[in-house]
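Input: a single structure, listed below in structure tokens.
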Amino acid sequence: MKQLTGAQIRQMFLDFFQEKGHAVEPSASLVPHEDPSLLWINSGVATLKKYFDGRVIPQNPRITNAQKSIRTNDIENVGKTARHHTFFEMLGNFSIGDYFKEEAITWAWEFLTSDKWIGFDKELLSVTIHPEDEEAFTIWNEKMGVPKERIIRLEENFWDIGEGPSGPNTEIFYDRGEAYGNDFSDPELYPGGENERYLEVWNLVFSQFNHNPDGSYTPLPKKNIDTGMGLERMTSIVQDVPTNFDTDLFMPMIGATETISGEKYRNGDLEKDMAFKVIADHIRTVTFAVGDGALPSNEGRGYVLRRLLRRAVRYSKKLNINRPFMFELVPVVGEVMKDFYPEVLEKKDFIAKVVKNEEERFHETLHDGEAILAEVIAKAKEEKTTVISGVDAFRLYDTYGFPIELTEEYAEEAGMTVDHEGFENEMEKQRERARAARQDVDSMQVQGGVLGEIKVASEFVGYGTVATESNVVALVKNGEYTDSLQAGEEGQLILDVTPFYAESGGQIADRGYLLADGVKVLVKDVQKAPNGQNLHKVVVEEGTLTKDAAVKAIIDTKNRSSVVKNHTATHLLHQALKDVLGTHVNQAGSLVTSERLRFDFSHFGQVQADELEKIERMVNEKIWESIDVEISQKAIEEAKEMGAMALFGEKYGDVVRVVQVGDYSLELCGGCHVDNTASIGIFKIVAESGIGAGTRRIEAVTGKSAYELMNDQVGLLKEAAGKMKTNPKDILTRVDGLFAEVKQLQKENESLAAKLSNIEAGNLTDSVMTVDGVNVLAAKVNVADMNNLRTMMDDLKNKLESAVVVLASVNDDKVNILAGVTKDLISQGYHAGKLVKEVASRCGGGGGGRPDMAQAGGKNPAQVEEALAFVQEYVKSVSK
């Protein structure tokens, strides 16, 4: 067996299948751009879903890839086991209705055993198959020469996700030798069992049946191959190391952590070894995820990153690292992965900045949070319970930034659990909107429909013309072929030549009409058919439309004109965002309609008002410069050398369409644009907001829509000026004057309230009682707010010199409570914080504070008198 690096194994796999006629699919972004059902890209096949479910027909039915993936369903096991990871690479080869079992098995065996490739000893390989898969058995036994005793039949060797494609699978296992298990009485010591000796190398799935809704299985018209090989596991076998963490894919990060911490990996301390592994795994995940546009936050993908970083920080304390350091590992990850993922090193400064910022935020609260957690655990043990309440867990999350899973890990070490349901109840009360976690879902759907069968050619000519003579070459109604559509009927059709743009790249579809003698057909929408043609959704308004009919296709030019203004404006906006906010900004989604444009982009903070103003002005300056928009076809490599922006998640062919706005903007884009920026007229931002997980959104209008918006705003300004009895240019002066008047009135009101408070405080001194030699005053008073309550408390403490005072007021059915204890009584054990907590609890509230002054709130005004009566009991209890 050869000595290979992880990078060499990856490249060798791709080279092998390229020799077998496969197209190499680039590794897609970890953030899914075309599949809202996925939180992360979680497998090699996840990015190929569009091919397997028939929505898109691939140019080459043979595909291979090395796909970066994230799975987060068992984070708590990372570091504890030899092979659990949150970030991993899946190597795969796929067939979309082309080759099947014999080729898949033959090539897998060749790659693993040939001296030209991996060069495994055949005697160390075993395979598992489904008990009824005789075809696979025959191929393995008779053609590959694997003896019967090393072909194990297992019931679980059947890939099935419910409805949709399914089929048997075969797995290949490598025997690492007796050092990893030699107790043959162990019922799990076999290929496919839970053991460390026989490691799964490769899983080949033979997708040959359709699992129908009624539970039956029928053969698929086209059989598919879907295989997966984990790069990290394969590397551990080739490099003959005990765990994936001991490979060259992880050891550089572990080595850097050794240098930072002064501790040693594999020095006999299993707890420290676990910390090294957690840090190495989590920094890989965070580095790649941030590089692909995800940012730490409290929801969705951002929450996963925050949880991983904070878990790593928590484990770093076991290595005596008490400062931000994870950001220093980002360039180390980049160096390890640079052969296949050069973009990590290109973005390392930005990624490190994001990681450092998140580390610093957590370090600010970590010490206090751990102290609070220690108190909570100690209190629970005193109360003879092994459960940390949901309220306490939520407080740790909300105030100290402890993800619930982190609290659960701390609790587990203390032999306790967390009331997760109680935590969720507290979350539900607190959050303003539902944050339902999306689950990773299965990768394929039911195959079917006639659209995938339509192979007739169709040419889009809409870049240069708005009307053309065409022929209807395919006509579909209710998912089936049809020869005609009557007036009032809806259907789908394909034209041999069409000026109608199909929705893509965020740009909405054209609309318009198809006209013939006595026939008028409304084109409502246009989408891409599975084989790439423009598929028109239509409704017949007049006459009968027949297949092969000659029609005149005419787009709505007024609608198109507004759309192209907004589309070119998004390109200008994209570049302006990079110029103002930084090169880390990347498009995360867009919508271009005739009325407005919406642009989503990666950014880790709110865009400030002055930044928005600068961005808006930059875009308008480019419009006013009347720059020609040039569109050309270029080879992909030439376009990239020119500096053209390629968008995350987009797949490009060998020849791409380049949209260039002077020397300012250069993007790969298949959309429609203005000929000159002057056509846009004017650009106006109407909103900027966060849409979660480090993604911001700008909404804007151009042309007529921008004019109408500004006209409306001028109208509102005039109306407001009229109500203030001034003119628009003087409205700010008028507003400043009104604010000054209000401020003066507030000042006079506060002065009057203070005087009244002082008078009431003087009257209250007559109500002071002596309890066990201590002056006690507990009274309900009439004041406007807590500030007035504090003023009154200060007056009373000064007047009484030595006293325990509790004041309560009721406003809008809410109770404010303030407790005060003079310095001489604090030394005797009296504590305002403890007292106010008890008083508040008796009128439906809570609170606390310092020994000398503390405040609280209550919800039940009717119980205030009863709550104040407790003050005497408290004084008696302390004086005993």
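Each Cβ is built from the backbone N, Cα and C atoms, and glycine gets one as well.
Taken from Swiss-Prot as is:
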type    : residues               : note
BINDING : H567, H571, C669, H673 : Zn(2+) binding site
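This view paints the features noted in Swiss-Prot onto the structure.
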residue : record              : Cβ neighbours (10 Å)
H567    : Zn(2+) binding site : 25
H571    : Zn(2+) binding site : 27
C669    : Zn(2+) binding site : 25
H673    : Zn(2+) binding site : 24
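Residues H567, H571, C669, H673 make up the record's Zn(2+) site, and a Cβ search at 8 Å around their centroid adds V564, T568, T570, V629, V659, E667, G671, C672 from the same chain.
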